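Asks: Under the heading ATP binding site, TrEMBL lists Lys71. The compositional bias 'Low complexity' feature in TrEMBL is assigned to 307-318. Taken from TrEMBL, the feature compositional bias 'Polar residues' applies to 330-341. As annotated by TrEMBL, domain 'Protein kinase' applies to 36-305. The annotation region 'Disordered' is assigned in TrEMBL to 307-354. The repeat 'WD' feature in TrEMBL is assigned to 493-534, 534-575, 582-616, 617-658, 665-699, 699-740.
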Amino acid sequence: MVCCLNPTCDQPENPEGITHCQSCGTKLIERLRDRYRPTNFLGEGGFGRTYRGEDIDRLNASCVIKQLAAKVQGTWALKKAIELFQQEAQRMQALGENNPHIPTLYAYFEEDQQLYLVQEYIEGQNLLQELQSQGLWNEKQIKNLLLELLPILQNIHSKQVIHRDIKPENIMRRSRSGGKGEFVLIDFGVSKQLSATAKVTTQIGTRLGSFGYAPFEQIQAGEAYPASDLFSLGATCFHLLTGIVPHELWLKQGYSWTEKWQDYLKQPLKDPQLKQVLNQFLKEDWQARYLSAEAALETLNQKTVSPPQSTVVKSPSKSKSKPLPPPPKINTTVIQPQKSKTPVKPITSPPQPTPKKSGFKLFISLFLVGSFIGMGSSLYLVWKFQLWKYIDAMANILSQGNLTTSNPSPVEPSVAVTNPPPPILEPTPLASPTVVTPTLEPTPLASPAVTVSPIATTPPTPAVAPPPTTNPSPVPAPVTSVSWAKPSKIHSFIGHSEWVHSVAFSPDAKTLASGSNDTTVKLWDVIGQERMTLKGHSSYVYSVAFSPDSKILASGSQDKTIKLWEVGTGQLITTLTTTNWVLSVKFSPDGKILAAGIGDSTIKLFDMTTGKQVATFTGHLAPVTSVAFSPDGNTLASGSKDGNVKLWEVSTGKLQANLTGSREVNSIAFSPDGKILASGGSGSTIQIWDVATGKILASLPNQKQIFDIAFSPDGTTLAAASLPGGIKLWNLATQKGIAEFSANSSFISFSPDGKLVAAGEMEKINVWQDQ
């Protein structure tokens with residue numbers, strides 16, 4: 001087999017003996033540099049493709065061929081992509097030479113105006129494949145893994161590099177036939193040259209690290225410390241010990257799962273050193289972890305356990321420790337590209353910028369760094385100063401306009417230091433030509449508890465026409481005011497085989513819908529009789545929502561689709577495809593628009609008349625966990641794991657306000673009159689916002705992390721579901737708790753008349769009413 005090297009070819013693999021690609025007609029290149037033969041297509045991203053190949057000069061030994069095929073606009077951005085690709089080759093040569101634990105760089109060259117990078121192909125399985133084929137790991141296996149990996153990290157960190165994406169898929173074990181079974185750390189595509197504080201950002205729709213494995217500071221603020229890698233390594237060990245994907249716990253509990261990680265073990269750990277090391281690795285606060293791989297190794301190797309010596313340190317903003325030294329010079333010779341008739345011209349590095357804080361540019365920088373993460377196992381190690389010079393110049397251009405993206409890119413190593421690095425201020429952007437519509441820099445309101453960011457621009461995606469003020473849905477049953485003085489459970493709906501993620505009453509109060517990890521959606525009557533099971537999703541169903549007329553049900557899933565069902569018959573109407581996991585779906589009050597919160601940090605809007613996507617709202621830095629329309633349909637609210645609640649004008653996509661108050665937001669809800677908005681998440685409080693001013697009106701305390709909130713139809717009561725914990729109801733007028741239901745619930749819904757409360761509890765749904 002031979003692969004077509006046309007970067008836009010849909011089916012690049014071709015049989016032997018043909019001269020032109022069967023899919024696109026491009027002439028096939030049998031050998032690159034008359035040596036490397038691409039045989040199998042491995043994958044692609046926003047900036048390149050990866051192929052398995054054969055090295056003819058090495059007796060057809062397998063290799064990996066990476067092709068730079070940047071999907072960017074403008075020659076300036078392309079030049080920057082080329083420079084970073086060149087720097088990747090330098091880093092690979094420096095890190096992988098004579099190191100069996102990092103893939104070796106074989107070649108870097110240009111041919112036919114395309115850049116290629118050739119590296120070692122690792123024969124063997126990654127640890128996720130081992131887990132799936134051989135089962136859970138035991139203590140001895142985990143300890144051996146740490147004893148081998150920690151020195152690898154220590155070596156990488158000594159070269160001032162952070163990996164930032166340690167997880168089972170990025171750790172391979174060489175096959176015994178091809179080596180000694182060593183562990184190999186792969187995929188340095190999002191790794192970072194360590195500066196005083198390795199603070200970086202990522203492309204809209206991408207992330208630096210994998211959710212669940214990446215620590216809080218990396219996801220929330222783009223910061224990466226030596227201890228950041230150790231958290232990821234700890235999460236990897238947890239996955240191997242339990243078989244539980246950390247991302248699943250993260251979606252349900254945020255980072256609180258790390259406090260009770262031992263509760264998920266099949267049996268308690270007997271090795272006290274291993275227990276202490278993993279416990280320190282999984283601390284949410286990076287300052288409480290080991291600050292180097294070396295320190296963790298010392299604990300792992302000692303015979304008696306003693307508390308780690310460097311776990312209480314000053315915060316970065318107050319630290320007086322000296323910055324880390326600049327990276328060592330690379331003494332190896334970089335492989336020079338073979339020049340073609342139209343060589344890639346070198347680029348003069350921009351001058352060193354002056355430090356300056358910039359809030360909005362931090363967000364835009366996410367777009368830039370993440371843009372170079374596309375290839376599955378590519379190595380984008382960037383120099384301490386060069387990265388910021390290029391990223392700042394690009395951020396200056398791009399921060400002048402809103403961006404949208406439809407290609408998410410999922411998914412960083414540590415340094416042996418004893419003091420935390422001091423903070424680094426974000427540099428001032430370099431002057432560059434304007435290429436997109438300018439926007440205003442967001443400015444906060446006077447209230448210190450909230451940041452409201454008006455944006456004076458329209459989005460690049462098509463605008464959605466403002467919904468009419470009338471609601472075509474049938475008039476619901478009269479709303480009843482309920483005191484909830486004596487709540488009583490009246491029904492338990494049993495039918496799902498796995499965790500229930502979402503419940504919703506139909507507006508006509510006749511049907512209850514539920515979505516579950518068992519990939520099904522179930523429709524029930526309100527007394528607990530199962531009416532039908534809707535099958536079609538291939539993964540977890542995270543959210544269900546009825547249209548205002550109760551005739552259509554939308555279900556959002558981890559399989560990256562939204563399915564629309566006819567409620568009366570259970571027939572599938574259509575399937576809407578998205579770019580990532582669908583975590584929340586909501587219909588507009590007039591039923592003409594469906595909004596979806598997506599795992600790639602975006603919000604998608606779909607026209608229910610045509611079934612087409614009509615807008616993408618970008619701005620969040622983490623998965624959008626909840627979306628909600630205001631009662632008049634003019635405003636869309638979104639809550640995200642990045643800790644922000646954003647208010648958008650539906651008709652234009654303009655960002656009206658950015659409300660910041662929680663560490664992670666799991667749920668948001670408008671009051672029935674649309675004047676207040678409630679948000680809840682990992683901060684253990686419900687925040688009540690004045691929609692008009694963006695100010696916090698009240699904070700309702702809760703002992704556990706909040707996963708869902710809902711207003712009663714009359715607007716007098718607010719309900720919250722916590723896990724672990726239960727359901728708590730507040731009287732909004734007095735801001736006092738009025739009732740608590742004992743249940744481990746992650747989702748909650750009021751019936752349209754306000755008389756019933758339904759909540760998912762593990763694999764069942766419970767319904768309460770007031771006596």
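Cβ coordinates come from backbone N, Cα and C, glycine included.
Please treat TrEMBL annotations as automatic predictions, because they have not gone through curation.
Not measured: the values here are computed from a predicted model.
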Asks: Look over the recorded stretches 493-534, 582-616, 617-658 and say which has the most C-beta pairs under 8 A to the repeat 'WD' (665-699).
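Replies: Out of the listed stretches, 617-658 contacts the repeat 'WD' (665-699) most.
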Asks: Using a Cβ-Cβ cut-off of under 8 Å, list the residues of the same chain that are 6+ residues beyond the ends of the repeat 'WD' (534-575) and lie near it.
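Replies: Hits for the repeat 'WD' (534-575): 471-474, 501-508, 510-511, 513-517, 519-523, 581-587, 589-591, 594, 596-597, 606, 608, 611.
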Asks: Which residue counts does DSSP yield for the repeat 'WD' (534-575) in the helix, strand and coil classes, in that order?
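Replies: The counts are 0 helix, 23 strand, 19 coil.
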Asks: Within the repeat 'WD' (534-575) only, compute the mean pLDDT.
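Replies: Result for the repeat 'WD' (534-575): average pLDDT 95.
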Asks: What does DSSP give as the helix, strand and coil breakdown of the repeat 'WD' (582-616)?
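Replies: DSSP composition of the repeat 'WD' (582-616): 0 helix, 21 strand, 14 coil.
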